[in-house]
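S.K.: Sharing the record's features from Swiss-Prot:
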type	residues	note
TRANSMEM	15-35	transmembrane segment
TRANSMEM	44-63	transmembrane segment
TRANSMEM	84-104	transmembrane segment
TRANSMEM	109-129	transmembrane segment
TRANSMEM	150-170	transmembrane segment
TRANSMEM	177-197	transmembrane segment
TRANSMEM	230-250	transmembrane segment
TRANSMEM	268-288	transmembrane segment
TRANSMEM	295-315	transmembrane segment
TRANSMEM	324-344	transmembrane segment
TRANSMEM	360-379	transmembrane segment
TRANSMEM	389-409	transmembrane segment
Amino acid sequence: MLITKIFKDYRLFEIFILGIVSGMPLVIIFSTLSVWLKESGIDIAVITTFAVARLSYSLKVFWSPLVDNFKIPFLSRWGHRKSWLILCSSLMVLVLIAMSKENPEVSLTSLYFLTIALGFLSSTFDIAVDALRIDKFDQETQTIASATAVFGYRIGMLITGAGALYLAEITGNNWQLTFVIIAIIFAVATIFIITVNEKELVREKVNITSIISWIYAVINPFKDFFKREFAVTILLAVIFFKLGDAMLGAVASPFYIELGYTKGEIAIIAKLYGLIATLVGGFAGGIVMYKVGNFKGLIITGIAQSLTHFAFIWLNHQPPSFEALLIAITIENFAAAMGATALVGYIGNLCNKKYSATQYALLSSSSSLCNNTVTIYAGKLVNMMGWDGFFIFTIILALPALFILMYLNKKVNV
């Protein structure tokens, strides 16, 4: 079992802890913060503009060479990768403490920029963690190392998702204390990072030749992808496929609060149980793809994930109850995970094996970048359309991807 291997191999334990730290800021930005803002009386249109902090996760590829090559003064003696981890983790402690001192009702702008800073530091931390993991393990053990990192990432998401919401609930809405405790966890993690063993590699000095080589290494996979027929159309299908889900996710937590659900209920059902439904749905999506193939699997899961948004319209007209939220979360998370699994398989199938890593990054980053940009306006749409109208709109958003995929299936082998 994975858990047994983590505690037998200390290197895996290190990656597991780093994975936890990586996963923690993401949920603060994507969900937990929106609950705090909603409870503080902030308008939904303003809340979703905080999604701009997510853009760092989509754009981090552009400063990853800096993390690879720039030595941080003083800290680099601990190790190149560790120096970046220590810097980012330490700064995240300061940002979280600063966030704990803010009151959204009177200092929303400060909180906005602190959230953007947290997103940037977190995404940079992710770059260094991935690099450290790749450096520490050989090719044969990369799979188990990646699985360990993902497992840790999920635990981190639970800590700042379900854990933070439940903590805020039992402390009587004390969000300031909640963020201080999260900051303390990061401070402890920073101390742990200092003890992590880093495999120091001989690094080539950066010169004009290496820079040119790197540019070609980035450009060639892009050129290869866009040389293919219907490349832009394929890219549009990938972008639209999860757009409706992204819009729904941006407003889900404030929606639950508006319906009258407590933070404790959201923590247990939407976050903790929701993760289980997501994992089961991901497994089911893999089975569907295996049984019916890439294209049919993508269409089936695409239709399923869009139609499940009707569950939120139903939820909007139910009195707050444990059972109603459980049903809606089960349906939505299960179908969304099926769709996500199908999309990963489809993107992987599109990539030229020669440039698989870069082309996969191009397609997945394009999707997340567009999704994170558009979700900024989700709150305004809720105010314009009302909740029912908004959920219908998220269902309609899936249609372009499905029509494009059907069109492509007739024209090319996708």
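Glycine is treated like the rest: Cβ placed from N, Cα and C.
Keep in mind that what you see is a predicted model, and the values were worked out from it rather than measured.
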S.K.: Where among 84-104, 109-129, 150-170, 389-409 do we find the most Cβ pairs under 8 Å to the transmembrane segment (268-288)?
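M.R.: That would be 150-170.
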S.K.: Sequence gap of 6 or more, Cβ distance under 8 Å, 3 or more pairs: do the transmembrane segment (150-170) and the transmembrane segment (15-35) meet that?
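M.R.: Yes; at least 3 Cβ pairs under 8 Å.
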S.K.: For the transmembrane segment (360-379) and the transmembrane segment (177-197), does the number of C-beta pairs under 8 Å, pairs 6 or more apart in sequence, reach 3 or more?
M.R.: no
S.K.: Going along the chain, which residues at least six beyond the ends of the transmembrane segment (230-250) come within the CB cut-off of under 8 Å?
M.R.: 30, 34, 48, 51, 298, 302, 305-306, 309, 312, 332, 336, 339-340, 343, 346-347, 350, 363, 366-367, 370-372, 374-375, 378-379, 381, 390-391, 393-398, 400-401, 404-405, 407-408, 411-412, 414
S.K.: Are there 3 or more C-beta pairs under 8 Å linking the transmembrane segment (109-129) with the transmembrane segment (295-315), counting only pairs at least 6 apart in sequence?
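M.R.: In this chain the transmembrane segment (295-315) does not contact the transmembrane segment (109-129) - fewer than 3 Cβ pairs sit under 8 Å.
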S.K.: Between the transmembrane segment (84-104) and the transmembrane segment (177-197), do 3 or more CB pairs sit under 8 angstroms, pairs being 6 or more residues apart?
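M.R.: Yes, these stretches are in contact.
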S.K.: Which residues of the same chain, at least 6 past either end of the transmembrane segment (109-129), have a Cβ under 8 Å from a Cβ in it?
M.R.: 15, 18-19, 21-22, 25-26, 28-29, 33, 49-50, 52-57, 59-60, 63-64, 67, 81, 84-85, 88-89, 91-92, 95-96, 98-99, 102, 149
S.K.: Against which stretches of its own chain does the transmembrane segment (84-104) lie, if we need a Cβ under 8 Å and a gap of at least six residues from its ends?
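M.R.: Tertiary neighbours of the transmembrane segment (84-104) are 18, 21, 25, 36-37, 40, 42, 67, 72, 75, 78, 110-111, 114-115, 117-118, 121-122, 124-125, 127-129, 132, 175-180, 182-183, 186-187, 189-190, 193-194, 196.
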S.K.: For the transmembrane segment (15-35), what are the same-chain contacts with Cβ under 8 Å, counting residues 6+ beyond its ends?
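M.R.: Non-local partners: 6, 47-48, 50, 53-54, 57, 85, 89, 92, 115, 118-119, 121-122, 125-126, 129, 132-133, 136, 145, 148-157, 159-161, 164-165, 168, 182, 185-186, 189, 192-193, 196, 249-254, 257, 263, 266, 271.
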